[in-house]
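Peer 1: Following this message is one structure expressed as structure tokens.
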Amino acid sequence: MSTWSGKPSVKGSTETMRMFLLTCVSIGITFTWGVEMTYCTPYLLSLGLSKGQTSLVWVAGPLSGLIVQPIIGVVADESTSKWGRRRPIIVIGSFIVSGSLLALGFTKEIVDFFISDKDTAQLMTIVLAVLSLYSVDFSINAVMSCGRSLVVDTLPISKQQTGAAWASRMGSLGHIIGYAMGAIDLVGIFGPTLGDTQFKQLTVIAALGMLATAFITCWAVTERILLSVRHDPRQTDVRFKVVRQICSTVLTLPPRIQAICNAVFWSWIGWFPFIVYSSTWVGETYFRYDVSADARNSDDALGDMGRIGSTALTVYSTVSFISAWVLPALIQAPEDKSFTHRPPASIAPLINTFNKYKPDLLTAWIAGNIMFACAMFITPFATSFRFATAIVALCGIPWSVAGWAPTTFLGIEVNKLSGQPDPTARNIEMRDVSVLEMGKPDEESSSSSGGLSGVYFGILNIYVTIPQFLSTLMSGMVFAMLEPGKSPELAHEAHPSETADPTGPNAIAVTMFLGALGSLVAAVVTKKLRYV
């Protein structure tokens, strides 16, 4: 048994304020993710990397998710710091994120300060940019892991679902703010004070935002302190026991849980290239079809492309945010047999007709996969950035379902295995499978499903991560075949013979087209849930 001191608490006079303060760090996390997803691919292309080389760099995302979250979970669980188990890691991780963002934004200036040889400086600029990107990914995963655990540690069981919903909504708000700021001309507004390019200013703002939101959450929350950890002598090999338990559980998953994981696996083959490359694709479409030849020689082509991509993702995240609030009211909760009050006589016919044709969540999940696949199938035919923006915005609807349905169905199955009532039948909450962490629940924060939820949600995270590696491999092969050279839109210092042919098919669009095949398979696999 472990010994503890104190009780967890959050500042604030109302529940709304307490939830805001507790989950405020989610804004900084998703703001940073937004800057990275929007600008880092074109930034790496502007340094002279080919798209194939860039795809290898993006292995950092799934790699950091697999490595950092389990390690940080073990370290934090056994921390006896007087400041708590989660807050010190959030603070340290936030400083590393901020420093890495600044290094990423000002890579050329940092390298030029130490190296004068042009060729060596160009090589070291690429090396420092890639290392900074990896540092951002690894450290922000640590912050994200502890931020989620802080919610679990602080709230009682009855408030866990509310806390998860608030974290998701604050994360959506961070995306909207980040994409919106990326879409406006920051240099024109602030001048060169924060940097002479759009990307530099965004990295500075993201670094300050990460520190500010982390400070607010850490200031507002008081953790209970772990005084000592007493390991059971019969479980000295607990880490290996957890690994063995996960492996054995993967091999013996109940049929419905296996079907849910299979559906998530195939859907993420389609979603990963969209998440990483969609903003770059919109920007390239703009430069190839909508811009005059003179305008292509912009002094800040990276900023121009980033603003176009950010505009598309701002619309997309807004659609996703609205869907997160509207869709639950339009979709029947799974296995919802609860009593519903008789509506007023004046609107009873309308309500009864609506309820009669109200789709269930499984149907919505299938439709979401099909909708996303159809959107990706038409990407190679987009010849206008407005059309490309509309395609990206449309994907906000299936994304909201993709982040909600798997955890809902898995929660139901886990509770069935535990012999507990389904907590989701009366109140569906939007949750995000892209940030699921693998770890064991705290003794006070375990839900009605006890220890099962940690294992099964950890396995679901594996099924989210593995297709990201496969998608990276696929995109690298497509880029190597269709656009093996440097970016003609961004690598202005490259010789024309080194650049890819901009008149050929867009490699990113082809990658997203192929990923859509995975989404169609996901729709078929999801449909099988009706019969398992």
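Just so it is clear, glycine is given a Cβ too, placed from its N, Cα and C backbone atoms.
Heads up, TrEMBL stuff is auto-annotated, nobody curated it.
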Peer 1: Write down the single range among 88-106, 316-334 that appears in TrEMBL as transmembrane segment.
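Peer 2: Going through 88-106, 316-334 one by one, TrEMBL flags 88-106 as transmembrane segment.
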Peer 1: Could you check which of 283-308, 387-412 is flagged in TrEMBL as transmembrane segment?
Peer 2: 387-412
Peer 1: Between the stretches 88-106, 172-190, 361-381, 387-412, which one has more Cβ pairs under 8 Å with the transmembrane segment (507-526) than any other?
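Peer 2: If we count Cβ pairs closer than 8 Å to the transmembrane segment (507-526), 361-381 scores highest.
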Peer 1: May I ask which of the stretches 56-76, 88-106, 126-151, 361-381, 387-412 has the most CB pairs under 8 A with the transmembrane segment (202-221)?
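Peer 2: That would be 88-106.
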Peer 1: With a cut-off of 8 Å between Cβ atoms, can you find at least three pairs linking the transmembrane segment (361-381) to the transmembrane segment (172-190)? Only pairs 6 or more residues apart in sequence count.
Peer 2: no
Peer 1: Given a Cβ distance threshold of under 8 angstroms, which distant residues of the chain, six or more beyond its ends, lie next to the transmembrane segment (172-190)?
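Peer 2: The answer is 26-35, 38-39, 196-198, 201-202, 205-206, 300, 303, 306-307, 309-311, 313-314, 316-318, 320-321, 324.
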Peer 1: For the transmembrane segment (20-44), I need the partner stretch with the highest count of C-beta pairs below 8 angstroms, choosing only from 56-76, 88-106, 387-412.
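Peer 2: Top-ranked stretch among 56-76, 88-106, 387-412: 88-106.
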Peer 1: Would the transmembrane segment (387-412) count as touching the transmembrane segment (56-76), i.e. at least 3 C-beta pairs under 8 angstroms with sequence separation of 6+?
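Peer 2: Since fewer than 3 Cβ pairs under 8 Å link them, the transmembrane segment (56-76) and the transmembrane segment (387-412) do not come into contact.
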